[in-house]
Structure formats: structure tokens, C-alpha cells
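Structure first, then comments.
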Amino acid sequence: MTANTRHRGLPFLHRNWLKATNHWSKMGNKASSQAQKRSQSQTGDSATSRPATDGSGSQQQQNESQQEEERATKRRRISNDYDGFPLYENYASTQRALRIEVLKISHKDAPRWKNGITAMNGSGITAAPVDIRNIAQIKARCKLTIYGHRNGEQIVLHVDSQLCDIRVFKNSAGAAPMVRFANMRPFSIPEEKIFLEREDDSVFGLAKCYSVSVELESAGDPSWPPKELVPPTSDEETFYNKGLLPQRQWVLTANIADIYESRNRKSVRLRIKKHAQQDMATNFLMDMDVRWLTPISSLARAKEQAKDIQPSIVAIDPDNPIPLLVNGPAAANANGVNGQHAPKPECDTQPNGTHNEGTSAEEPAEGELTPSRSRRARQEINYNVKQLWNNAVGRETRNNSNKRRRGGAYGEDHPPSDDRSITYLLPPEQVHTDKFACLICGAENERLSQLRAHYMCHPQYDFYFEYKPKMGGYYVTVKPTAREGERDGEGLRPRVYQLGLPVKPLDLERYVEGDESWVTSRLGPENGREVMLPGRGVPKKPLRRPKRRPLLVPKTTQPLFDPLSKVQLLPGQPLPQHPIDDSWLLLKHRDNLQDFIDLRPEEKEFLQEWDAFILRRHISSEQYLPRYFLRFVREKADWLVSKRSRGEEFSKLVATLLARRVLPERVVIEATQVLNDARGRLREQGGVIEGEGEGQRKKECTARLYHDTCVDNPEQARLEGRHWKCADCRIKCQQQQQQQQQQELQQAQQLQQRS
């Protein structure tokens, strides 16, 4: 039985997004592209090629293993690895920073030559392979201090430090030692941290001059300081210098007087501080790189691997003799030393007349079989007459138009050289990813069209796709977006997003090319409306409506008459305006409603009131319905809440308008608030809504329910039935009867006394 390996799947949200995209593309039995069919066929082939297991439970085990492969494993929330390129989401809001990187320490007289140097004039002597030895690694702390200058004084603006490893080594040629720094990242200082109040213009900004000091201190390593960089202290120096510090407190320093003076790459003399107040120069230089970079470039360069000892660099001391090879000649001859050519070694003549200079006469010389220049690229000649004619008249061929309609050069027609790979062109470098992975979040995609649709979720950047078959596939150029509205946070304003069900299949190729008809067809009438937060609205001044110009009777060949009085109208006179009488229309609607026998009187009453209000407004579009609906509620609020049946009919009307997507939800909420206020006013006035019950009468007995075992006389309770009363109620009734009898006796006595 073979072991089933688990494959890392996509995250939950992105997996659902891909599933929804494929589902919308298949609506109406329409596939989005041929790439989707190829992916399905590949999955089918992989499923059929899976070996079957033996045993009775083989089918169940196969299903379980398939489910394990399909299930995506959880991605760790805290991880040091980042799949995508470290781009800043808030690119526009970040400021530039000063980046200072300590590169190496080398001797001031040490020359630098690359490996593989050969002597001129075809001597054939190659350089010896580099054998780095005596590598010493020392733990140290690198401290950076930035000073600003004002009134001739130095002001400390920024101090930072980090631990690092100093690797001291020398090559086999016996050159001076060299130092490399490991496990140390460049210092990145935002420009706002080194702002200074300038003297000339009284502006708080960057100063005209900055000086940088780099100090290397001991980090508890017993090997400090490096013996190769600092010569040992003699007894005479120790005797005459009483203030000499212990060796573990010695500090290596390098100072840059002004970072604006020279280029970015700076070589500064290394000094050693053996005393508390003075230092002395050494024969070594510290190379530093100082430049202004954006945060994107800073993070991109930080991802580079730590610099190690490169075997391609050979440093040869001109004072030391050149080491010999095994067969005797010199190991390297770089056109002499200090520009002076060394004499050629004497060559012994062989019996056959050939010279032995390290190469055989039968072997071809280097570069003899290679062309001296690149081959001429011939232009392909097109012999298609139809295509030549289309190019001459400026007409687009059918194949190109179909390709552009399906996605053009960025569609699914171009087979990538590498399976689902793509290259991103960034300002500092290039990044190559597989499986159409997103550059920012690292999400993988099935095809290129899905990747282009996915990048619409990152509006902070613009992505320009280009297909280069000679370069090896797809190339994407990434730039910060030029839309200032999205940078300033315009998209953070609260807006209504109303989305409905899709009405047609999703053509992903057209969508990524800019055709948003599939999205706009789903948007509701309230989409894009700004939501005014409570308390932030600015009261608007009432607008003055301009006075309408009076309409005059035009001058025509035929006379015009008044529609009511039939009087002839003279040209130039004001046109008479008669009020519109809609009473006949209301009467007609009222008669038509009375003809319906399946409507209750309450329904007819509400419909007549609604028609009488809405027909007088002469609404020509559904856009004006919400405002007149609110006006109807405000005017008829007391009438609507006076009866329960009117409220029920009003609810039916609201449900109908909501189902037709004519009435927005905010209008319904406002209308409900108006009706609630009307009900509150009605209760304050002491009115009762008709149709509501008067309320259950308060019972005199507080304990009206008894168990059978708690009744003192069950037989009497069965005989009396509903007229049976408990003991407390019987006592109360007897007391009430006695009080009534006493009142009757008192009234009778008063009547007798009066008579």
C-alpha cells in the first residue's frame, strides 16, 4: 500500500474565490477558456493514474486519501518566511529613509583582481584557484551615530546599534587581511528622525550637512580586537602611555564628514581608539554604502543573502613573490605589477618543432570556433496577400481581433515556456514565481486571467502584463498607482454597496480587459450613495427657485384659442394657465375599485386614499416615488395609526414596493419612525386604536388556579362550577355583602329621619 503525500492547498478565502469564479464562468453551460478544460483533464488523469489499494476497504481508503489531498492544510499565522514580495500596502503614505550599509574592511594598498585572469598575448598562464584559509569569526557590536550641524556644533540626531559577526580572512597569495560582516542588516533611518531646525530659512527639515560615525565594539568575545587589523601593543607603548585602555575596551571607528560630498559608495579610513580621548589611524579602509531609498527598495535589498567570502576575488600583494603551480610556471600574470609587463618565460623547443606553452598545437585556440560577432537577425517576410492588404489599409485581421476579444496577448492562447510561471519587473530587481502566484499576498491561481482579476484587489499598484516568448514567458511590470483618489483614502468614505444576483455568465477575459458589464448589471439603484454619518452633516441653505418666465402666445399662421373659453388668443399675450382638474380621474379609480367584489372594505378604503394622493403628483419615473412615499406617510400618519386595518394595508404596500426594488431600505426606516411618533402622540392624547382589544380585565383573585388536593370541598366546587370561589374570595365576598347591607341600613335610617 503506497503512502499518500499531502499537498499544501490554498487558503480558505482564496479557494472559495476561485471556486466562485469558475462557477460564474460556467453559467449557462459556457466554459470560460480552454485552460480550464486542460486543468480539468489534468486532474482527471491524475485521478485515474492513482494506484488502487488492496483489501476489502480499498475504496474507502482511496476516498479518504483523496479527501486528505483536497483538504488544504492550515497556514501558520506566525512565520518568518514570506511567499510574496515585501511591498508596502501604504506605499504613498510612507516617507523615504536614509540607508547605511557597512560592507567590508580592506587594506588601503590591496589590489583587487578577479579569478581566472590570464596574461596577455596568449601566454596561457591561468590564475591559481583561491584557497581561503585562517578564517576568524569574532562577535562584535556595530554602533551608528548620525550628527547634524548647527552654529558650528555637532548635534546627535540618531543612535542605533546591532550585533554582528566579523569574519577576518586572507587569501593564499599572502595579501593583507580582509574583513566581512555577517548577520548584520543595513541601518534604515526615516528622514523625519533626522530633521533639524535650519538656520537660514527657519524650516524644520533636512540639514545641509550630516556626519556619520560607525564604531565597532566588543560583544563579550575573548578574541577582541582582531589581531589582523590591530597590531599588538609593545611594552614601550604600554610604559609611556599610562592612560591605555584594556584591549577588550578598544573601539574601531570610521567617520564620514559629509554624506553629500561624494558618491554613495564611500571608503573611510579606519581608526582605533586605545585611549579614552584620542585615537590613531590604521592602514585599513571601511567601505560603506550610503543612499536615500524608499521603503520598498530597502526591504527588497534586505532580502538578499548575507555576503560571504567570495572565491572570485583574488588579492595579490605586489611585494610578495607569485606562487608557483605544480609544473613550475607562475600561478598568475596580470599584465605585470603596477603596469610593468614581466618577461615571457623561456620555452623549450621540442623535437617536432612545437612550443610547449601549456597548450597543445593540435588544440584550437580559445575563441577560434566561435564567431566574432552575433548572427544577423533576418526579418521574416510575409507573403500573405490578404494580410498585406489589411496592413496597407489599416484594417485589423480577424485572428487578431478574436485574440484581442478573448484576452489578446495576455489571454490563455500563449503557452508559457515554464508551466504557470511568471516574472515580475520591480524597480530594484526581478522576482520569478510559479503557479501564477500573487506578488503581494502569495496566493496561487489556476490561470493567468484569474491572476489579473486577483490583482484588482490590490489597487495600490498598477500591473502591466506583457508576453515575451523569447524571454521565456509572461512579464509583469509593477508600479505605484497614479490614482490620487485611492491614495488619499477616498475609498474609505462610507458608501452603500448594493449587489444583486448575476444575470449572465462571467467572461473573465473580457472582465480583466475592462468590460465591467457583468458587474454593473448586478448593482442595485442605491449602489454608490454616500452615507452621511450622524452629527457630521453640514446644514444646507434653502435654495431659491428661479422665477419661471411667463409663456407667451406664439405667432403662427393658424389662430389659437383658449381651451375653456374658446376665445382667440393674440400673439404676444401671456398664455393663460388653468389649474388641472383631476377629480374625474379620481372618481374613475374609485368606481373601478368599488367594482371589485374580492376586496374587503378596509382594502378599498386604503387604496382610494393612496390613489387620491399619488395620482395628483403625476409621477413620471420610479426615482421620484421614495420622496412622495415619505410625504404620504408624513401627511397621513395620524390617519394610518387610527385603525389597525390601515396599518396592515400599509405594510402590504411597503412589501410590494420592496419586492419590486423601487423603495430603498432607508425610506422604510424613516417612515416607520414617523408612524411610531404618531402612535406616541395618539397615546398621549388618550386615544385608542380601533381594532385593538381593550385589554384583559384585571382579576380580583390573585391565585385563581388550584390543585385538586388543595381544594377544601371538591364536591361543592364541582357543583358550583365557574361560580366556585376560594376561601379568601369567599371571605372578601362576605365582607363586601356586609358593607352593602350596612350602607343600605344607613340610607334607610336617613330617609326615615327626613320624613
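Quick reminder: no glycine exception, Cβ is built from N, Cα and C everywhere.
Feature annotations, reproduced from Swiss-Prot:
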COMPBIAS  30-42  compositional bias 'Low complexity'
COMPBIAS  43-57  compositional bias 'Polar residues'
COMPBIAS  349-359  compositional bias 'Polar residues'
COMPBIAS  411-420  compositional bias 'Basic and acidic residues'
REGION    26-79  region 'Disordered'
REGION    333-377  region 'Disordered'
REGION    392-420  region 'Disordered'
REGION    580-645  region 'Polycomb protein VEFS-Box'
ZN_FING   436-458  zinc finger
Summary of DSSP states over the region 'Polycomb protein VEFS-Box' (580-645), given as helix, strand and coil counts: 50 helix, 1 strand, 15 coil
Whole-number mean of pLDDT values that fall within the region 'Polycomb protein VEFS-Box' (580-645): 91
Tally of residues which DSSP labels helix, strand or coil - the zinc finger (436-458): 10 helix, 0 strand, 13 coil
